[in-house]
Each structure stands twice: as structure tokens, then as C-alpha cells.
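If you look up TrEMBL, you'll see A:6-173 marked as domain 'Glycerol-3-phosphate dehydrogenase NAD-dependent N-terminal'. Summarising the annotation, TrEMBL assigns NAD(+) binding site to A:Phe97, A:Ala154, A:Arg269. Positions annotated as substrate binding site by TrEMBL: A:Lys120, A:Arg269, A:Asn270. For A:194-339, the entry in TrEMBL reads domain 'Glycerol-3-phosphate dehydrogenase NAD-dependent C-terminal'.
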2 protein chains.
Amino acid sequence: MDLLNVCIIGSGNWATTIARNVGINVVNSQFMENKVNMYVYEEIIDGRKLTDIINTTHINVKYMPDYVLPSNVVAYDDVVTTARDADIIVFAIPPTFVSSCCKTLLGKIKPMAHAVSLIKGFERNDDGQILLISHLIMRQLKIPCSVLVGCNLAHEIAHNNFAEGTIGCRDQKYLRILSDLFKSETFRVVVTDDADCVEICATLRNIIAFGAGLADGLDFNENTKAGIIRRGFLETLQFVDVFYPGSRLATFFESCGISDLVTSCYANRNRRLAEAFVKTGRPLSELEHVLIPGHEPLGPVTSELINLMLKKKGLEEKFPLFTAIYRICTGAYPLSRLVETLRFAREDM
Amino acid sequence: MDLLNVCIIGSGNWATTIARNVGINVVNSQFMENKVNMYVYEEIIDGRKLTDIINTTHINVKYMPDYVLPSNVVAYDDVVTTARDADIIVFAIPPTFVSSCCKTLLGKIKPMAHAVSLIKGFERNDDGQILLISHLIMRQLKIPCSVLVGCNLAHEIAHNNFAEGTIGCRDQKYLRILSDLFKSETFRVVVTDDADCVEICATLRNIIAFGAGLADGLDFNENTKAGIIRRGFLETLQFVDVFYPGSRLATFFESCGISDLVTSCYANRNRRLAEAFVKTGRPLSELEHVLIPGHEPLGPVTSELINLMLKKKGLEEKFPLFTAIYRICTGAYPLSRLVETLRFAREDM
């Protein structure tokens, strides 16, 4: 049997974190090639190319300066070179770059390759249709795309703190392979075939975390925040039911569901952004860049895309929390509508 | 139609908080008698009886000194006088006093009265059988007992911050009456008939919050805490399924489920107790009194009772988190077993 080759497209902190797990795991596997290519967006740092720095020092000085990569992870500045021999292509780039990256790769990768997206969010394709990132990859590259989610806090995994991830796998024969590829002693991975639900949970929680941050900014209490988490969870269930029917309720109890939602609402950058939005009164467009250099927080963007999907089906009123958060972002609603929404939301959705 | 009379047994902060809502709501209802009796455990404060202070100043100086009760809430130092004419008897006393209180009331209340328990926890009855508090009340008083849960944080409701509660109602004709009795503009109440599940969620979350506090004490990260919350939620589902079958999954998405669990794990006294247990290394028996004068935190006690129930059915291994928390409390397990439990817990329960 031919050994499977794995590459990673991306070099942010989540890409780098997972590259270490992958680099270690392929060496310990009898089914995998040892070398792991990693596509790095080239930058010059202190007069040196970032790819050179990574390939000599094994440290991604840009995103994870305290973290040593295994030497079998090799950086490339060209995405086609990185991916052309890969059987498993792991995508970990910002959502807005996915479409152009796929266009570059189309026809230049193995036709039987399997993609894995670590990217949260929805994107519009060229027709203006709103798609989950894994669906965008599948349509553009014509290969199946699984997802790995569950890392709010890349640095926690990087520092070998306990964390859980969920893989939504789109090909039965990769169930075990993907689990073995990403896990570590401290990063517990559970695989399910309910891939859409896994990805939607990971995406919608950024809206809910933004809502939790609004509550924090308004100095609301723990019960209010819990109300937002609960309502957001219910609207996520309902959203999946409307737009991606056939998902299983059990998936919401995996780490991609309840755990990531809770973590996001207490410790994620969307939460911080929303808190700053309330406390400073400055527009989101200014704050997004102030708060998270190089990382776009996805809450407001996602809430806009979700709102387009809901509006098209005449469902805005059936998703009062998502709608209120979107309208607060645009300024159409005052902040006070957040609690009003919780008070008057109907239970029987 | 005769007007319904309501009384409240108890005068702690949760009893006092809810007494205000009840006092206001009965006045606005055409079905309820205006006067609300409240049983107060008599104490002498600065030379005056607490009942006298409450009845003249309308302030429960002992538990809620900043909070004015409506004047139609009248304090009594005798539980039979308080309850004998009541159609709805609201219990809000510590779990350990429930049995003796019921013995005092037996035969002295209206035979058609309806009880409502605001008390979390399990108790042993005289045969050593472990019962939910509402079941203990039902057995002893021979009347139905509904439950109201959802108040982690009585002071937040007292200060008119938004909060949610869940009523588990055991008599169809009380569904609306109880909701109207307890709600306020800022305290949203949802009624379900899945009373056992409501009460179990409220009870088991104290164990999980204790586990979350152990993680905080060990300076674990957000992902670890989220793992405890998730695992705790799963074991709660499973516990209900084993011991109180027939409950509905939807009940876990009410505030009694997900909201109260999250709030507890971030802001409850069991969490604080566990954190102090780890940080100080002192035995729980010492800390319980240091931390919460007059209030027993229920996490360790509940974990012991739950362990007895599990052991009897040979199910300790099927509930690894509850079992680990119990054994950490007793000293049988080192603290390190907490994360080990998360790492190795089976997903397919």
C-alpha cells in the first residue's frame, strides 16, 4: 500500500499548532509519509524569509514564537508545490482566501485527494451563494472535504493543556486516519460523520460569542449571559434543522457543540470585540483591526451572512437572537434590544 | 371560585427573592389571596425578633438587607400557622430540614394543597432511600410537589437583572398559575411537565460546578473546563435515562439544563469551594463553613449520594466524571485524575 502524504495549507497559530501534532503523528504511523509540507504565506522578518526561518529553526516566529515544530514539517512559499503530491490536504487559512487558493490548486492536486478544513465561517461563491467553507472547497476542488473544529484557543493546545476537538468526516475510510493524524495525548479528538452540523456549530458560535460579549460590555450578569448561550444554542439547533436537515442531535453534545460554545462565550476574540464595541462606542470596522491584528473575528461577518440566508426564507423573526445581534452590529437596533430579545423570545420554535 | 392562598416556607436569600415576586403577583391576580405568609426561622437580631423586623420594616435584614418586600408578605415564626390555610406551599429551606418540616406539617395542611420545591439536592428518607427533594415532600405530605429551579444567583434576580427559571409542574391545572406566581418582568419562567428532569439538572449541576472549580483551582484552561461541562452534561443525560427514564431531551435545553450548568461552572459557590479546596489543601469539612456561612454547598454531599445510587447499580465506571469528583472529595483519588478522566472517558455511553 502506498503511504499517504499530508500537507497543511496555512501557517497561522491554529495551522502551526496542528502541524506539530500532524508532524509527530505521521512519524509514528506505518501508513503515512514522514514529510509534511506546509504552505506559508511568505514574509520577510528581520531580513529573512519566514519559510527559511521555519525550515532552519523550526519555529514559526510570526505566529507561534514559543513553539518548536518537528523537523519533518517543511515550509514552502508556493501552494501548488505544497499540495500537489498530497493525499490529505489540510486547509487552515482565513475564509476570505479559500476561494482563490482553490482556484490556484484546481487541476494541480491528486484527483483522489481528501481535504480537511480547519476554517470556520461561511463564504459567498462566485454566484453569490452562501456556502459552508467545506462545501466551497468541495465544489471548487471536486474532492470530499472533512472538517476539524474545536480549537478556540490554539495556544492552549500548543501548551499541551487538555482540549477536545471534533472531526466531521465525509469519507468512512478516513474516520480513523484523520483521528490518528490530529490527536495528541492532550488533544482528544472524536470523529463523527455529521460533518455539516460540526461545521455549523463551529461557525455560529462566533455570533453567539459576540452576543455574550455585548452582554459583558453592558455589564450584564451571569444569568443574562447564560440566557444568550442557551438561546444561541437553540437557534443553532433550529438553523441546522432548516438549512442542513438530517443532522443528529448528539453532535451538539460533542465538543464542537456545547464545549466550544461555552469556551467562546467566555474567552474568544468575538466576545472581546463585542465588549470593546459596547465600551468604546467605536464602529466595528475600526475595532476589528485594533483588537486582533491579522485575524478577522468572524462574529459580525457571519451574522451578516446568516441574516441573508434567514431573510431569503422569511425567517428573521424565528431567529430573534441571531437577528438582534446582526441588527445591533449594523446599528439598526440599540443595544437594549439584546435583553428584550431574551425576554420575549418564544420557547416553541 | 375561592381565591388561592400561597405561603412560603423559608427566609433565606432565594426564599426572600421569590417572596417579592409572589407578593407582587398575587396582588395583580384575580385568582389569588393578597396575603402571603412566610415562615421565618426565628432569630434575635440587635435585640429584636427577625419576624418583627420583617413585619415592620419589610426587610429581611438577615439575608437580603438591601431588598424591600411587599407589605402583603407577612412573616411567622411557626410553620403550621404559616401553611395551614395555604393552597400552594412553596418550600425554600435547606434540604436537611425538609423531612422534619414535613413531619411537623403532616395532617395540618389542606389535603388538596400543592407544594412547590425551590430546593436542590437529594435526601435520604427514614428507610435510607435516596430521593429527590420533591419526591420526599410528596411522600411525606401526600400532596403533589412541583419544582422551580434556575436561580443560581438570587441577588441577580433581586436586583432585577435578567434571569430565567424553569418550573417542573406536576399538575396540569397549575401550569399557568405557577408561572404567573413566580415570574417578573426580568425573571422569565418557562413551565414544563418534565419535573424530575428539571430537578435532577438543578441538583447534578452542583457536582459539575464543583468539578469546574477543581479545574480552576488547578489553573487549568478554558478548554479543560469546557470538557468538564460537556462531560457533566452527558453524564446528567445518562443519569436521568437510568434513574428517571421517560424524561425529554428538550428539558436539557431549558434554563434548568444548559444555562444553569454554565452559570454554575463560572459563578457558583460549589465552584469557589472546589477552587479553595485545591488552592489551600484544607479538608472540605473546614472549608464549607469558612466559605458560605449558613449555606451548605451541595456539590460534595450530592456527589456522595449519587455515588451510592451508582454503586448500588454497579454503574460507577459508566459515570467516570461523577465518580472521579466523588473520589477526589473523599481523598481516594489524587487531583490529577480529573483530567485523566476527561482524556479516557468513552464517548459511547
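Any Cβ shown, glycine's included, is placed from N, Cα and C.
Features recorded in TrEMBL, as mapped to the structure shown.
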residue  : record                 : DSSP (3 states)
A:Phe97  : NAD(+) binding site    : helix
A:Lys120 : substrate binding site : coil
A:Ala154 : NAD(+) binding site    : helix
A:Arg269 : NAD(+) binding site    : helix
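A:Asn270 (substrate binding site) sits 20 Å from A:Phe97 (NAD(+) binding site), taking the CA atoms of both as reference points. In this structure, A:Ala154 is the one among the binding-site residues A:Lys120, A:Ala154, A:Asn270 with the smallest number of other Cβ atoms inside 10 Å of its Cβ.
In the shown protein chains, 16 other C-beta atoms lie within 10 A of the C-beta of A:Phe97 (NAD(+) binding site). Every protein chain considered, the tally of other Cβ atoms within 10 Å of the Cβ of A:Arg269 (NAD(+) binding site) stands at 21.
The two recorded residues, A:Ala154 (NAD(+) binding site) and A:Lys120 (substrate binding site), show a Cα separation of 14 Å. Rounded to a whole number, the C-alpha distance linking A:Phe97 (NAD(+) binding site) with A:Lys120 (substrate binding site) is 12 angstrom. Cα separation, A:Lys120 (substrate binding site) to A:Arg269 (NAD(+) binding site), rounded: 14 Å.
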